[in-house]
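Below is one structure, written out as structure tokens; comments come after it.
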Amino acid sequence: MYLISTKILAVLTLIEHVNVGTGILSNLVLLYLIVKFSRENMGTYKYLLITFASYDIFLTIVHALCNQQIVIVNITTFAAYVTCLFCASYSIPFTLILIHFLYRYWAIQNPDRIVLFTRKPFIALLVAFCGTVYMIWFCLVFFGFTGAPGDESVRLARAEYFRRYGRDIKHGWVVGEHWKDGKFNLRPALVLLALDSILIFLIILATVICVITLNHIAKTEAFSAYTKVLHTKLLQTLVVQTMTPVLLVYTPYILKLTLPFLGIPEYGSMAACTALNSAFPTFDAVIIGTMINDYR
């Protein structure tokens, strides 16, 4: 295992705490800006932005309460002081982004369908979509990994966590033990494949919708020059907003899941990944607030 400096851990922990405060504050400010200064022609898109800012606040609070950390012992991943619900909560931001992309695509390709976002059955369908992705993620972690208090793997993880953070966490462990008693353990490998596949699929799907929308904006003659500029600007904001969870959430998550399986030493990257995760809500709010003229 890699002996990360306690000073580096202290700095990364401090960064997490700062991110929690800025995440809540920045999204509260963004909510105020959205409610107070959104122009009328923004329509129901305003409510999608409100949903995103509200969930970012929720995600920041969950992060603070769970205080999740990752430690690696040999080539086994141990997620300490974390619940399956916390793991699944990070699946929602990208499903919301996909809904944003769908809104932008319909605003260009089929403007008449935008009214669906105000109808309860369609809203229920979108909620069901987010809930389904959430439950898939939850079930994969809950049923695919282990972490009984009496397991030898948990004992090793508790000892490593105590060495790093000075706290003995007895419960809340989620363990992906890729090698057990010298034999390859198939179940966590299948869970790893499923989780990585979900992340990559969501990223590819968002990219495809974005490219199609940009192509339609360039080719359509149904909009004025001003309307094209407005749609392009909103889409650019969404693209940058998409890169935020990709860089701060999903790339670190893929590293967290994959490095132990490949037997690659972490060199402190697990603590750094957690600090990056905590920064996501703040960056998300700053991007929306600075790239949309009404709020800037």
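From the backbone N, Cα and C atoms, a Cβ is placed for every residue, glycine too.
According to TrEMBL, the transmembrane segment annotation covers 12-35 (among others).
Look at TrEMBL and you will find 47-66 (among others) tagged as transmembrane segment. Remote same-chain residues near the transmembrane segment (47-66) are listed as 16, 19-20, 23-24, 27-28, 30-31, 34-35, 38, 81-83, 85-86, 89-90, 92-93, 96, 99-100, 103, 117, 277-278, 280-281, 284-285, 288 (criterion: CB distance under 8 Å, separation of at least six residues from the stretch ends).
What TrEMBL records for 78-103 (among others) is transmembrane segment.
For 123-145 (among others), the entry in TrEMBL reads transmembrane segment.
When Cβ-Cβ distances below 8 Å are used as the criterion, the transmembrane segment (189-214) is approached by residues 91, 94-95, 97-98, 101-102, 104-105, 108-109, 133, 136-137, 140-141, 144-145, 176, 178, 232, 235, 238-239, 242, 246, 250, 253-254, 257-258, 261 of the same chain, each at least six residues removed from its ends. Here TrEMBL flags 189-214 (among others) as transmembrane segment.
Among the features that TrEMBL reports, transmembrane segment is placed at 234-255 (among others).
Marked as transmembrane segment by TrEMBL: 267-292 (among others). Within the chain, the transmembrane segment (267-292) has long-range Cβ neighbours (under 8 A, six or more residues past its boundaries) at 2, 4-5, 8-9, 12-13, 15-16, 19-20, 22-24, 26-27, 29-30, 33, 49, 52-53, 56-57, 59-60, 63, 68-72, 90, 93, 233-234, 236-237, 240-241, 244-245, 247-249, 252-253, 255-256, 259.
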